[in-house]
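Undergrad: Straight out of Swiss-Prot:
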- 1-55: topological domain 'Extracellular' (TOPO_DOM)
- Asn33: N-linked glycosylation site (CARBOHYD)
- 56-76: transmembrane segment (TRANSMEM)
- 77-84: topological domain 'Cytoplasmic' (TOPO_DOM)
- 85-105: transmembrane segment (TRANSMEM)
- 106-129: topological domain 'Extracellular' (TOPO_DOM)
- Cys127-Cys219: disulfide bond (DISULFID)
- 130-150: transmembrane segment (TRANSMEM)
- 151-169: topological domain 'Cytoplasmic' (TOPO_DOM)
- 170-190: transmembrane segment (TRANSMEM)
- 191-226: topological domain 'Extracellular' (TOPO_DOM)
- 227-247: transmembrane segment (TRANSMEM)
- 248-267: topological domain 'Cytoplasmic' (TOPO_DOM)
- 268-288: transmembrane segment (TRANSMEM)
- 289-304: topological domain 'Extracellular' (TOPO_DOM)
- 305-325: transmembrane segment (TRANSMEM)
- 326-350: topological domain 'Cytoplasmic' (TOPO_DOM)
Amino acid sequence: MCQQILRDCILLIHHLCINRKKVSLVMLGPAYNHTMETPASFLLVGIPGLQSSHLWLAISLSAMYIIALLGNTIIVTAIWMDSTRHEPMYCFLCVLAAVDIVMASSVVPKMVSIFCSGDSSISFSACFTQMFFVHLATAVETGLLLTMAFDRYVAICKPLHYKRILTPQVMLGMSMAITIRAIIAITPLSWMVSHLPFCGSNVVVHSYCEHIALARLACADPVPSSLYSLIGSSLMVGSDVAFIAASYILILKAVFGLSSKTAQLKALSTCGSHVGVMALYYLPGMASIYAAWLGQDVVPLHTQVLLADLYVIIPATLNPIIYGMRTKQLRERIWSYLMHVLFDHSNLGS
């Protein structure tokens, strides 16, 4: 979601200031499969200019996807099976792991299929379903980062009232609110783009059905959907970042008000995992934004697409590792769970 903000702005400038036909020729190259009606399917190019490296990319993405699935599944299972881990922080982490699974599974299997076998075809409905779930997952994740920041604020600034403020009902309400907010924000965008007339090329210069890449194929002016995405993304991400920043300002103020250095370090260490996850979410998005802003003359198109591809898999791969390494209790619970599964199965087998 956050990486759409400047991309949409760039697309708006292109369509308002430059002849649209020229833009289409620059972005899409020679004409492909021109039809006069909505195509039954789209063709995903993959990473243009890196076709010779597609096999190695498929191997790397497959490895990261397996790590992401295993890591996030273990976290969800370990937290779900341990009643002592049903605290707000662990519940939000469980939801984050589930969102990461949805994000990676929406994109990576098809991407690997394109890179390995060249199976680039994706049906019209599947393409927009993929786009919906990718944007939905990113919108939910930014909301989760906000709720986790609020959790850290209450834990550090109001520790005596922690369980009274973050009750199970409050946690459920917050989780439902960020999910409903994401659905309300993303559904109109998906509807607007899917109802654009696609009477020209059906070749998507991307590895998955990304909003901007699809909007460029439309015969009608895609500015309304791009403007909606720009305003919606700005409001959602901007407000989330503002509240996260406010939470951490209050957290730092409370931490540095402690007299003991040991207490200060202990308090800050409880925020380390959350800060790491935020960095994985926002920094790759910023890199993708700046790459789009600089344009193909500075950042080649294949680099822009590669950055967008990595953005959907790297956070899902590294988030479980960050929380597993930084959270001692969770690490011990995961290790205990793995030993239980491995040794109990081996004992049953013998």
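A Cβ is built for glycine as well, from the same backbone N, Cα and C atoms used for every other residue.
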Undergrad: Would you mind ranking the disulfide-bonded residues Cys127, Cys219 by how many other Cβ atoms sit within 10 Å of each Cβ and giving me the lowest?
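TA: Sparsest of the disulfide-bonded residues Cys127, Cys219 by Cβ contacts within 10 Å: Cys219.
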Undergrad: Can you tell me which recorded stretch out of 56-76, 85-105, 130-150, 170-190, 305-325 has the most Cβ pairs within less than 8 Å of the transmembrane segment (227-247)?
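TA: Between the stretches 56-76, 85-105, 130-150, 170-190, 305-325, 130-150 has the largest tally.
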Undergrad: For the transmembrane segment (56-76) and the transmembrane segment (268-288), does the number of C-beta pairs under 8 Å, pairs 6 or more apart in sequence, reach 3 or more?
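TA: No, these stretches are not in contact.
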Undergrad: Which state, by DSSP, holds Cys219 (disulfide bond): helix, strand or coil?
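TA: In three-state terms, Cys219 (disulfide bond) counts as coil.
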Undergrad: Residue counts in helix (H, G, I), strand (E, B) and coil for the topological domain 'Cytoplasmic' (248-267), per DSSP?
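TA: So the counts come to 15 helix, 0 strand, 5 coil.
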Undergrad: What is the number of residues in the topological domain 'Cytoplasmic' (151-169) that are helix, strand and coil, as DSSP sees it?
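TA: With helix first, then strand, then coil, the topological domain 'Cytoplasmic' (151-169) has 16 helix, 0 strand, 3 coil.
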Undergrad: If you run the three-state DSSP split on Cys127 (disulfide bond), which class comes out?
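TA: DSSP call for Cys127 (disulfide bond): helix.
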Undergrad: Using DSSP, how many residues in the topological domain 'Extracellular' (191-226) fall into helix, strand and coil?
TA: 13 helix, 2 strand, 21 coil
Undergrad: List, by number or range, the same-chain residues at least 6 past the topological domain 'Extracellular' (106-129) whose CB is under 8 A from its CB atoms?
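TA: 38-46, 54-55, 57-58, 61-62, 64-65, 137, 190, 193-194, 204, 207-209, 214, 309, 312-313.
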Undergrad: Other than its close neighbours in sequence, what residues sit by the topological domain 'Cytoplasmic' (151-169), given a CB gap under 8 Å and a spacing of at least six beyond its ends?
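TA: Residues packing against the topological domain 'Cytoplasmic' (151-169) from afar: 86, 88-89, 92, 247-248, 250-251, 254-255, 267, 270-271, 274.
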